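Read through the structure below, which is laid out as structure tokens, and then see the notes.
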Ligand SMILES: Nc1ncnc2c1ncn2[C@@H]1O[C@H](COP(=O)(O)OP(=O)(O)OP(=O)(O)O)[C@@H](O)[C@H]1O
Ligand SMILES: [Mg+2]
């Protein structure tokens, strides 16, 4: 279905992305030459064992970290070459973030947290859009509360609303449901998926949970800093099967492409 | 656990460095105070020894002091300089006729009359030679005096010659052989400087002019009386030998010689000791004064230390919980934090002692460059060092005890929690205690204000003010949220996300905000009170002048009084209608109850030796000076009666009473003819100038102020004329009434500057406290900062947020402190109306300037934490544990 949609230009892409932490004997190649395109108006999940470089990839794509080599492009703009001021502007206007925890400023109310990016950018609030987003996350009656008075699930939904309210080009979410039970996870993921379907958002999300991954249009698999798998229109079953086959081949990158059910990681 | 404690310091070096600095500043002040004290007393002791070189002294027997001759009034005979000397002494003088008998005694090498008169020396540049506040003194030059040596030139002989002490010679820019002008005993003289004289020790900048003995006696002892005779013993004679033989020689005089009966002979050592004791008392006051500020500095430092530990404990709650989970007992956790505090306290105190010495050395250098040489020995003894170290360490440990207790009691399960929060204890108790204190304080103040004349008013005022200040500190956390919300409102409006974020951070933890601002609160309460008192004093002075003085011009002197010759010259001017002079003499005055002729009733009340008696030009009152007469009639002054000024003297003496006055010429009686109140007259008793002259030679009086009225009404012309007439006397300044008021106001400002300098220290510490809290809260909020940066907050915006936070805290502390300080000071005019504070004046301009200063302080304090926060790398901050 959505996979058959004509592939517009990708919203973000990486070419030969390498990230090395440290140096000498203790150097860690967290990303080891990653080429990937994230589809516009699509929800992409990234999976992989712990330490495989998922967060690193996301940080490099979002301009939170600088790659050692290679390029990361968001909406046609090379972010590796941006200075701090440009990066701040990019984050403020073009990107949305959802972290695993500590997403909200404790001194601000839920509503103030949601409109924070707009306040910072001094952009006037689009009431209708705000209402739509707040309605979608189901927080209408909780807007005056401080984060400390909200449950973990509610906090993550506030974070989602905040990430979406400024209509960013792409939302990066690092294990957004890592701390939530299955019901709350379902609400958050459903909301993210709807934002893609209804509002045309692009979302990139890291997760360990096959069910969460199955909300996405596409799942990428990382191991030892390389792309080792890529499936479209996942179900929990196909995700589990792919994880299983990857685990059997072992986390060596002897033959990543062969192990991948899809022929080319960069195809979308 | 000791290792854990020391590791803790290493791991959190920044926050410990800040508390270290806080301790060091407080202790530096304490150690500096001690060092300054011992340096000053060393210097003054040196002066006393240098100026008391003789083996024995013959001096007048103070009739009032002989009952209690333990030297508690040692100041009366002080031969060392100081304004007291210029006023003359209250004990009777020694007749010069005794010199001969004393000099003839066995074991006596020389007897020299002691003269210390006020003098004005004009330097090579035509201005009066003066080093800071040090006096200019005329001394006797005698070739027989072993304590002085002629270094260059020749000894002065006759009316037209003087010698100068080396320091004075250098300061004057004159050389032996030069001619210059001096004002001696109120008269101008042209003199030749014949030589340079050396003294055995420094006189701390006093300008010393040496006159031939006959000239000095003619000018300063025209009635044949001097304050003392210095007796130098022959080689080999002990001081006691000299005293004994002189005593014998004087006793051998004609038994009926009243002059010989009224004197005593004491050893030089005794005189030195008396003077040292007297100086020690004065230094004791100065030390106490400085120590009060040191205590404030330490108290304020304690706030910072306790804040630092409270925050570091908060941040490390999980660590403590973990320690507890692996088996550490609460006592061990408690002890480990106290050990950290003790290390911080000890190291900080050591730095502080070094810093204090540095401060004093700096002061010494500054004073030295101004011509005041201070004693050169290391001015800190082991006891002072130990005390400073002990105080600093103790304050640190005590300040850390409360946070340490909280850490010790953290339950081990907290280690498992993700986000450790210690719930804020409710503020009810604090609110109740604070309100009770505030109300109690207010009640005490009200009681003091209602009955300002009762003896307990001062005590009530002190207790009330103390209670209000403590209440301010106790209530501050409870009111912080509300006050900061109001203060933040415009900022939240103007800078939406930053203002709101900053406000949120400031009210997030009201206790922390309050204790951070506490330092400023205390400092600003003092500054506010001092400012109000100063402007009230100035307004009152202006009021007094407006009410009591009606003169075209006012003459004042920067030196020790207006030369009598200047007054005579001004009177002689055609356009001058009157020149009314106020001459001061410090005499012993006893009322009727105190005179007691019963002798053995043990008259407990010794009359104040230094009561100021004012000699006014006949006809002054009702002419240039108007005072309120309570009883009697001021016209009786013309009949030789005295007026008592209730404002200074109190209400003990009434019309009809007989006062007994003891001066250098002996004992005199005078009847009280009037009782008046006046802020303007600085003395207790007023008599006609002619009467005062019969009690005390004019040379021993100080003419403080002269009020001039012209005949024409053209003040400018009169001023030009009078200024020309007094210009030869160098030290006399001519002012209009308005200038007179601002001159008096400027004197108040001078005192205020010293106070501000001292309070500046507590503000420095306060800034440090804000820096400390901000830096720590930046560390504490690292993740939040990362998040804000991730959603697009720029570095500048982040720095601005922290700056607003800092400014809000500073303004909060300043506003509360000023409000309390001003409030407390406003009660003073009611309380001290008769001491000269009649007119409450609140200097709104200065108070606004203080608030502006608070903004600056806030911005300054935010610089470093702001830069630190802005430098945080977004990713590191986001993933900060
Ligand atoms: N700041 C750093 N310094 C050094 N090494 C790092 C740093 N951050 C990550 N690494 C290393 O890079 C590799 C990839 O880390 P990354 O955080 O991207 O993994 P991840 O796939 O997100 O793992 P998880 O699922 O546990 O979150 C790991 O081996 C990690 O140890
Ligand atoms: Mg990760």
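Placement of Cβ uses the backbone N, Cα and C atoms for every residue, glycine included.
Listed ranges B:241-270, B:331-360, B:541-570, B:571-600; the one TrEMBL annotates as transmembrane segment is B:331-360. Highest Cβ pair count under 8 Å relative to the transmembrane segment (B:431-450), across stretches B:462-492, B:513-534, B:751-777, B:798-824, B:844-864: B:462-492. As a summary of secondary structure, the domain 'ABC3 transporter permease C-terminal' (B:758-872) carries 99 helix, 0 strand, 16 coil according to DSSP. Of the candidate ranges B:462-492, B:751-777, B:844-864, B:844-864 has the most C-beta pairs within less than 8 angstroms of the transmembrane segment (B:798-824). Through the fold, the transmembrane segment (B:751-777) approaches residues 14-15, 18-19, 21-22, 25-26, 29, 290, 293, 296-297, 300-301, 303-304, 307-308, 311-312, 315, 505, 512, 516-520, 522-524, 526-527, 530-531, 534, 802, 805-806, 809-810, 813, 857-858, 860-862, 864-866, 868 of its own chain, all at least 6 residues removed from its boundaries and within a Cβ separation under 8 Å.
Here the domain 'ABC3 transporter permease C-terminal' (B:292-408) has, by DSSP, the following mix of helix, strand and coil residues: 100 helix, 0 strand, 17 coil.
Across the domain 'ABC3 transporter permease C-terminal' (B:292-408), the model assigns an average pLDDT of 79.
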